[in-house]
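This report concerns only the one structure given below.
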Amino acid sequence: MAKLILAAATLLASASAFTPIALPSTPVTNHGSSTSLGVTADETSSKRKRALKTLARTAGVLSSVAFTTAGFPPAALAAKKAAEVVEVVKTVDNTQKLLAAGAGVIAAGAAVIKLTTGEKAQDFLEASPYWDQSNVPVNVYKNKAPFTGKVVSTKRIVGPKATGETCHIIIDHKGDFPYWEGQSWGVIPPGTREKDGKPHSVRLYSIASSRYGDDMSGKTGSLCVRRATYWCPELKADDPAKKGICSNFLCDTKPGDEVMMTGPAGKVMLMPEEDPKTDYIMVATGTGIAPFRGFVRRLFFENTPAAKAYKGQAWLFLGVANGDALLYDDEFQEAKTKFPDNFRLDYALSREQENKKGGKMYIQDKVEEYADEIFAKLEGGAHIYFCGLKGMMPGIQGMLEEVCKAKGLEYETFIKGLKEKKQWHVEVY
Ligand code: FAD
């Protein structure tokens, strides 16, 4: 695939190095297909023209080098020129069209630059080697000296019939607050507590993007926040005096609002990336999906060494009330379509589906349907993750206990074994 694209790009470059190639609106990935990179398509035309002009100039130099020398120019020169082109693309305007034009030009200059589908490799936030977790940042910003982030956007991401409101909030950290997939940020809501006038305490939120952020700049992070409301049984309505402080603050933010943040927190939900054949079983309820969205983006939608290497199977279970309450379904469907062998997706919709006993379909019922496969995967070294409301765990544990019993396994010993081998990851709240 990459070869094909390179060949096509070379042809294009020789005919007209400057013709922008219209890429699909969905983003591009390394497995030979692509994903949403959060690249904006609504850039001003003057910006585009400026960028194309610059590209054209640089490309002209490159093309002439490429076609006036016998064979390829020296790799170093080609690489340098290619880097210039990428730089132009990066600094002027990150539209997909420009990136594609850049790829064409680079291909004309030399085939030494590793580009897959027109994207620049993303490795500027990687450890060396990429799976080395010895320097994962933890609690860099503390309560006493928090970081001030700026809201880029806040969007409701559930349908009208969802139970409650969940928002996707993108926060700009200017590249000064790096984190790894599976970590959380703390948020200190503004204002003081009614009871004692002291500042509000910090609340933790799992980060819902990969380390590169939704725009792949490495300068943003996203949160998936459910607005906590309090239903008053006497009033038979929400009591605004008792609504959750921090979640309401976050869900009400507007672009440009400042957010006081701490962290990044936690290492229990990190992915062990050293063996790229590792299977991941991810079990979420509601906003517990947040870390797994980050995982899926890292495994399938980026141009990183981690995504390139991944050969295992990631299996996501999400439990919500109904179809309107599903989170990031479009991205997961895309992953499923593009990587049918590497990504599996199962939903438990408690108010729309029935379990095998005719009751509501809760997350443990959905997981139980695949108990044999899941146990086989765990025995083969798969890592299992749980994230969401605390209330999900008793049901999950009860189900696992039953399955163990049916298989003649001792439940406590089985779980202890998973924990000892670091295959068991739980973050519930
Ligand atoms: P608070 O103000 O702390 O109130 C808590 C609850 O009490 C609310 O439901 C509120 O309505 C209710 N309440 C308030 N006053 C009264 C009263 N007088 N009587 C009765 N009830 C009352 N949440 C997410 O949405 N997304 C995440 O990704 C996420 N990740 C997390 C990760 C971790 C590791 C942890 C520990 C928690 C995570 N949480 C997440 C939960 C989050 O930290 C907050 O606990 C949550 O948003 C509620 O905080 P709040 O300030 O809005 O509510």
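Don't overthink the numbers, they just go from 1 along the chain as shown.
Each residue, glycine too, has its Cβ placed from N, Cα and C.
TrEMBL does not curate its annotations; it predicts them automatically.
Under the heading signal peptide, TrEMBL lists 1-17.
Per TrEMBL, domain 'FAD-binding FR-type' is recorded for 144-271. Shown for the domain 'FAD-binding FR-type' (144-271): DSSP residue counts in helix, strand and coil, namely 10 helix, 49 strand, 69 coil.
What TrEMBL lists as NADP(+) binding site is SER206, ARG226, THR287, SER350, ARG351, LYS360, GLY388, LEU389, GLU427. Counted within 10 Å of its Cβ, the other Cβ atoms near SER206 (NADP(+) binding site) come to 28, all protein chains included.
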Listed in sequence order, residues with CB under 8 A of GLU427 (NADP(+) binding site) and six or more positions away: SER184, SER206, GLY266, VAL268, MET269, GLY288, PRO291, TYR385, PHE386, CYS387
Contacting binding-site residues, sequence order - SER206, THR287, ARG351, GLY388, GLU427 vs ligand 1, Cβ under 6 Å: SER206, THR287, GLU427
Assigned element (helix, strand, coil) containing THR287 (NADP(+) binding site), judged by DSSP: helix
Cβ-Cβ distance under 8 Å to GLY388 (NADP(+) binding site), same chain, at least six residues away: ALA284, THR285, GLY286, THR287, GLY288, ILE289, GLY319, ILE363, VAL428, TYR429
